[in-house]
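Chemist: OK, TrEMBL features for this one:
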DOMAIN    525-575  domain 'Cationic amino acid transporter C-terminal'
TRANSMEM  33-53  transmembrane segment
TRANSMEM  96-117  transmembrane segment
TRANSMEM  160-178  transmembrane segment
TRANSMEM  190-211  transmembrane segment
TRANSMEM  231-251  transmembrane segment
TRANSMEM  272-298  transmembrane segment
TRANSMEM  372-389  transmembrane segment
TRANSMEM  395-416  transmembrane segment
TRANSMEM  462-482  transmembrane segment
TRANSMEM  494-513  transmembrane segment
TRANSMEM  525-546  transmembrane segment
TRANSMEM  552-570  transmembrane segment
Amino acid sequence: MPNWSVTNAFRVLTRRKPLEDSTESKLAKVLSAFDLTALGIGSTLGVGVYVLAGEVSKSHAGPAVVLSFLIAAIASIFAGLCYAEFGARVPKAGSAYIYSYVTIGEFIAFLIGWNLILEYAIGSASVVKGLSTYLDSLCGYAMRDFLAEHLPMNVQGLSAYPDLFAFIVTILFSWAIASGAKESTRVNNIFTMLNLGVVLFVIIAGLFKVSSSNWSIPKSQVPEGYGNGGFMPYGVSGVIKGAAVCFYGFIGFDCIATAGEEAKNPKKSIPFAVIVSLGMIFLAYFGVSTVLTMMLPYYAQDESAPLPHVFRIYGWHVAEYVVTIGAMFGLCASLMGAMFPLPRIVFAMSNDGLLFKCLGEISTKYKTPFKGTMLTGLLCGILAAIFNLSQLVNMMSIGTLLAYSMVASCVLMLRYEVDERRDSRILGNGRIAMGQEQPCALWRRLLNLNGQTISTRQTARIVTGTVTMFSIWSFVFSQFLTKFEEDLANTTQLDVWLLILASIPLILMLYIISRQPTSGVQLSFKVPLVPWVPGVSILINIYLMIKLDILTWVRFSIWISIGLAIYLSYSIRHSRLRQREQRNNSIAMMRDASDTALLSQERSKYGNEVPLILMHSSS
């Protein structure tokens, strides 16, 4: 057990993984840019299109669900650009976990990784739950009625019955993914193409029955409990709350980054796949939600299977079954994409010594983390069997929003990181280059009025501190904004001024960051408009986080507490970085002991007049 002084504890918690890790990957490099794009689309176009559009329009936003999807898409696109840069910079398995490990430190990286495990496990459980609901609706809810009658679960906070079908399907998909990356992506590509075909069918077929009157229903015709009618029956607050839930519909593109070690050319294919998949996903969501809310009033939507329901209303039974069967293929693609990254996160953390070693063992036959895949599949199956869909969706949103915020923060820190090679450059006449830290007033350093062009430790510290303060102040600003949008009709001029004043520090901090010199590292893709794009991404993510209900935060806190117990009892002692430090310290101690022994021998030989050359060598 190490000596836990405050300094030592801080050093341990912030030890960082080298950006260029020379460890050879044990995973097979078999995935092309098309495979990664299909993986991103397939993992995302699932519950968001086939379930959430109806649920959010009926309960949260009404026809303005299209705006909820738009807000969620903007937050995701900003986050996607940050993921694309990191994918080009750090093409390793682990996604946001690895990104935070090389930028911030081990403790935060563990929390992010532990958080991602929850995110992907719940994501997989949500998708398989949607698949089960769709199949059940096709069979007249026979499965629900049978299980609720014979296996009821009368536990508050859990589902009414154990979903055995969802559990079995999860285990089968886990086995398929564990059988090989290339094999599982081939199946995913087929599912994704069928999925896109169904989305196009829904949009084109639905256009024949759309009516703009469904976006302007008067309040007198709206049933009690469904808002005030019109385009935004639940107000601006409902649109924002809907965006926080719709954000779940864009979760999935980050699975592209987790497959970095299995991509043939990750530095180019990951940015390409992230950008293309997000663009196609947004168009699909926007088109389907527009057609759905124009075909049928928002309050008449079916929350569990909206698309088959709306075609059933119009008597298009062939279309109803085509959509239902196609949606099942889409949900299968989404399930494959949701489950694919989970064992990769576990593998990366286990490989770094932060999780149990057995979870990261690579199968010699399949070249995949077979044990980790099956165990995480078991976790997903249990979650799918005992929880309902809405609980799972909210839990997943908070984890993903936190991960996206951390990735955006990491992009800022690495873009302005100290450039060791340029910083230490010496000019021919003996003067230090422009990277030298010149003593000057704090405000001049913050605004870089000296015109410094090379990033140094001083400028990197300024950026790190400013990014931290920006994230903290984003919580404060979000509180002002939440109060402002929840009661828009009763806002006063004072409220407007308070909101403006609260936004000034955010703009000032981003301006200070923009004034600092950037690193000279060349990348195949860079986020444009840094620091503004990552800064807006952080703000949007934090704002959406505080919109989630208190029970979601309670469940999230319990999960984090379990993770802290594992880190303090196991990870902190078995970390590969700690073992590497111990080896380096042992080697240094052996050298010191050898030098001391040599010096002692020479003292006995020469007395106190030891030759000067030996004194220098021992020191």
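Glycine is no exception: its Cβ is also placed from the backbone N, Cα and C atoms.
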Chemist: Under DSSP, the domain 'Cationic amino acid transporter C-terminal' (525-575) has how many residues in helix, strand and coil?
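Modeler: Secondary-structure composition of the domain 'Cationic amino acid transporter C-terminal' (525-575): 40 helix, 0 strand, 11 coil.
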Chemist: Count the CB pairs under 8 A between the transmembrane segment (231-251) and each of 190-211, 272-298, 395-416, then give me the winner.
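Modeler: Between the candidates 190-211, 272-298, 395-416, the best contact partner of the transmembrane segment (231-251) is 395-416.
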Chemist: List, by number or range, the same-chain residues at least 6 past the transmembrane segment (494-513) whose CB is under 8 A from its CB atoms?
Modeler: 412, 416, 446-447, 462-463, 466-467, 469-470, 473-474, 476-477, 480-481, 483-484, 531-532, 535, 539
Chemist: Could you check if the transmembrane segment (190-211) is in contact with the transmembrane segment (96-117), meaning 3+ Cβ pairs under 8 Å among residue pairs at least 6 apart in sequence?
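Modeler: Contact criterion not met.
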Chemist: If contact means at least 3 Cβ pairs within less than 8 Å, sequence distance 6 or more, would you call the transmembrane segment (395-416) and the transmembrane segment (96-117) in contact?
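Modeler: Yes, these stretches are in contact.
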Chemist: Please tell me whether the transmembrane segment (33-53) and the transmembrane segment (272-298) touch - that is, whether there are at least 3 C-beta pairs under 8 Å between them, with each pair 6 or more apart in sequence.
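Modeler: Taking Cβ pairs at least 6 residues apart, the transmembrane segment (272-298) and the transmembrane segment (33-53) are in contact, with 3 or more under 8 Å.
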Chemist: So are the transmembrane segment (160-178) and the transmembrane segment (462-482) touching or not, going by 3+ C-beta pairs under 8 A with a sequence gap of 6 or more?
Modeler: no
Chemist: Would you kindly list the residues that approach the transmembrane segment (272-298) from elsewhere in its chain, counting only those six or more residues past its ends and only Cβ-Cβ distances under 8 Å?
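Modeler: Non-local partners: 33, 36-37, 39-41, 44-45, 48-49, 53-54, 57-58, 62-63, 65-66, 69-70, 73, 76-77, 80-81, 83-84, 87, 196, 199, 202-203, 206-207, 209-212, 214-215, 217, 226, 233, 246, 249-250, 252-253, 256-257, 306-307, 309-310, 313-314.
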